[in-house]
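Annotation comment: Swiss-Prot describes Ser1 as O-palmitoleoyl serine. Residues or ranges marked as region 'Disordered linker' by Swiss-Prot on the basis of similarity to another entry: 33-61. Taken from Swiss-Prot, the feature disulfide bond covers Cys89-Cys104. Among the features that Swiss-Prot reports, N-linked glycosylation site is placed at Asn90, with the record citing sequence analysis.
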Amino acid sequence: SGSCTTKTCWTTLPKFREIGYILKEKYSEAVHVEAVRATRLRQPTFLKIKKPRTYRKPMVTDLVYIERSPNYCEEDSSTGSVGTQGRLCNRTSHHGDGCDLMCCGRGYNTHQYTKVWQCNCKF
């Protein structure tokens, strides 16, 4: 009897969380640029870095932005941001739901609640 071995290879996407970490890092290192019109005819508009000359030129994989992001901590009806004031947060979390991050350094109030409900338990 003969034996047969096959090898199958395929490409998979990285885990969603890994992509999120990479995007977050790129977002925090994004470069502020401004659009500048070329002075000569038939030359395209180009982007100029709005940092000191010591700053390196962005690579093709870097993120750049033209306008600064709004302050999502404060309510802003023009952007539709409701802000973070009054939202529930997790005091012990170091993620997006954590009080230190969500409350934007403004501090927060803690409340302790006791909830009583009928559980239909049998002993």
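Using N, Cα and C of the backbone, Cβ positions are placed for all residues, glycine too.
Around Cys89 (disulfide bond), taking its Cβ as the centre, 16 other Cβ atoms fall within 10 Å, counting all chains. Residue environment of Cys104 (disulfide bond) contains 14 other Cβ atoms, counted within 10 Å of its Cβ in all protein chains.
Across the structure, Cys104 (disulfide bond) and Asn90 (N-linked glycosylation site) are spaced 14 Å apart at their Cα atoms. In the three-state DSSP scheme, Asn90 (N-linked glycosylation site) is classed as strand. In this structure, Cys104 (disulfide bond) belongs to neither helix nor strand by DSSP; it is coil.
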